[in-house]
Amino acid sequence: MKEQLKPLLEDKTYLRHFWHPVCTLNEFERANASGHGPMGVTLLGEKLVLARLNSKIIAAADRCAHRSAQLSIGRVCSNAGKDYLECPYHGWRYDEAGACQLIPACPDKSISPRAKISSFDCEVKYDIVWVRLDNSFDCTQIPYLSDFDNPDMQVIVADSYIWETVAERRWENFTDFSHFAFVHPGTLYDPFFASHPTVYVNRVDGELQFKLAPPREMKGIPPEAPMGDFTYRCTMPYSVNLEIKLWKDDSRFVLWTTASPVDNKSCRNFMIIVREKDNQPDHMHLAFQKRVLDEDQPVIESQWPLEIQTSEVSVATDKISVQFRKWHKELSLSAVEGREAFRDSVLTNVIEEEQ
């Protein structure tokens, strides 16, 4: 009999209420010779244009209200001390609020209030550009990242990268302990220690929090691997702040990652490394992380169907992903009920054990 497949999350519109990264600040500034955009990105299947207008990066629908040309192949221009986003087709110019302020073909005519493009919340934090498509609930924050602004720490903001999988599977990959022995033997883990204890998982202020102490007796791990005691703070829906107290010198090493849903088939991934007491050049840290990602990617992209299925069998050591899936399901259902229900689902604490 053919297996009956059913996705866990049938309605993912709730994700529009969260902040998602769409590019690094460096990627934005490299996208156009001006350094101000425009730049086209896609978030949750929606084409967006980014542009720096009057010193602030804005996000808007990447479609001119006139004849639907993509504004991301237009230009940023200035007039009378103000910046505008100009359509490449007929030169319509939009301000930072998305309103059309000039129609060159009809310069003396009044402009219809319909001549506007949808604009969205957009902020720069951690040298990353963040967008929120729906602010009607206004109860979500840009995810947590520890020590980014600490002057005693060294920071690497890596270029983003695309995987052909959904953001849920990418998040689960990063927080899954059981795969280390099989996907990363000799890189991150000693296969002799394939089993591990279950952990306490807490919901705290919109985060999943848990800890893990890998076996210190592991052998064959390369010296560049950041091994130590792991503390996770994972802001919903897809961010992971992994703080490691390194065994070699008790210094702190933070590996932060976020998966951003491009569409229903792919996600754009972001990585920041924050470290202290480290004289190694940035490229060595990036090379090691690329080695780990290259081991993970073919396995994660092999998972099908792409969406998480209700029929997937879980065991005790899948506790983190089980709690993650449960919370996403609750968020999906609560968003339909309205702002208060969604806010309660995001912020209600569920404590298994005091940290």
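The backbone N, Cα and C atoms fix where each Cβ goes, glycine too.
If you look up Swiss-Prot, you'll see C64, H66, C87, H90 marked as [2Fe-2S] cluster binding site, on the strength of sequence analysis. Secondary structure at H90 ([2Fe-2S] cluster binding site), as computed by DSSP, is coil.
Feature annotation from Swiss-Prot assigns domain 'Rieske' to 19-131; the stated evidence is sequence analysis.
When other Cβ atoms within 10 Å of the Cβ of C87 ([2Fe-2S] cluster binding site) are tallied across all protein chains shown, the result is 25.
Around H66 ([2Fe-2S] cluster binding site), a 10 Å sphere centred on its CB holds 15 further CB atoms from the protein chains shown. Listed in chain order, the residues near the [2Fe-2S] cluster site other than C64, H66, C87, H90 are A65, R67, A69, P88, Y89, G91, W92, each with its Cβ within 8 Å of the site Cβ centroid.
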